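According to TrEMBL:
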type	residues	note
ACT_SITE	D134	active site, charge relay system
ACT_SITE	H169	active site, charge relay system
ACT_SITE	S361	active site, charge relay system
DOMAIN	125-394	domain 'Peptidase S8/S53'
Amino acid sequence: MNGQKWLEKYHSKMHHSLRKRVQRSYLPGHKANTIPVIIKFKQKITTAQLQSLQNHLKSHDLPIRHHLHLLNSISSKVSKSCLNRMCRWDGIEKIYLDQVKKTSLNIATPSIGSTTAQKKKGLTGKGINIAILDTGVYRHPDLFRPVNRIVAFKDFINHRKQPYDDNGHGTHIAGDAAGNGWMSKGKYKSPAPEAGIVGVKVLDKNGDGYDSTIIKGIEWCITNRRRLNLRILSMSFGGKVNLPCSDDPLCQAVEKAIKAGLNVVIAAGNSGPGRSTIESPGISPSAITVGAVDDRRTLTQADDRITWFSSRGPAPGGRKKPDLVAPGETIISLRAPRSKLDRELPYLRIAKDYFVLSGTSVSTPIVSGVVAQLLQKNPSLTPKQVKSILKKNTFRLKLSPNTAGCGEINARFLS
């Protein structure tokens, strides 16, 4: 089939963002590079079918990147001619563009009441493990002294065995949730200073990651949740919404994780202040989607204000998002020495062990830490119950639900 006619014939097989990408490749001067895709099958793929597809891709030097069992899909990078042939296969339901997500970064613990719960009730997240799906995690003293709380590490980018963070974002996020303030004598302590951290590296040194890699990380967390006593997934990244949640592979993976009993906390994104700027996968209905407030460095929440960058709702279909907000302006947490952020933004260092960042990226793990406190108090709670309890007990900000959700996270109810 000549030219672009095949795109018209098989338009129902490809998501529109993928069709646009292919159409651009036909423009004069545009290089005909391979395109990253997620290929979803109508039925569970057999070993023989997978081998046939694998052989076809290999013949074009295009190996399968990930087998996404969770969604009955695979990911690969394909040429236009290869994509054309795939569209003819009856066994393929739909082909999506494998989109890139980025850290929700825009270049507080006492104010939300979690310190009170620590002191009065001993709620420190002990016994609860949090998966940080991000750029990795550095072995910071606040995470391994007096005992090592990095209980596991899985690297889907460079496949290294030992914990590391070549970007620095993931380390800051881990500290926002579970840093114990060891190197600051308790000054920079998170809501869950005794929670365990499971580092899942799904973003590269630039803070970017394909949907398929993130889905693979989610799949790994679901598979290993009982072995690692995983209760929470914290995701501080996002990207432009190109399709409804019901047709978004990453959102589908998030919903499956929640059905498996995992509490998933996701950044709303930093695309505000306009309406309908919640990013994917923050549009996931069952997830706890977190926006950002500026706590003005005071202990009272009465003077807190929504940050200009915090993404606003509604989500596609009119769903109210975010669900709640948390401090996300100039938050001090862990520094990863010699990481990309550390090298490029040295003026954000606090002494030699800490670092300042802003964004819904840092709001999200603060909420994850409070979830760990809540689960320590009542381990039998389901994700639906956890979300309901958090929303019911927020500090009301008298703002639109599509700006601040139900209000600001407030852990005082725990004590």
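Backbone N, Cα and C atoms are what each Cβ position is placed from, and that goes for glycine too.
A straight line from the CA of S361 (active site, charge relay system) to the CA of D134 (active site, charge relay system) spans 10 Å. When other Cβ atoms within 10 Å of the Cβ of S361 (active site, charge relay system) are tallied across all protein chains shown, the result is 32.
D134 (active site, charge relay system) sits 7 Å from H169 (active site, charge relay system), taking the CA atoms of both as reference points. The Cβ of D134 (active site, charge relay system) has 30 other Cβ atoms within 10 Å, all protein chains considered. Around the Cβ of H169 (active site, charge relay system), the number of neighbouring Cβ atoms within 10 Å comes to 31.
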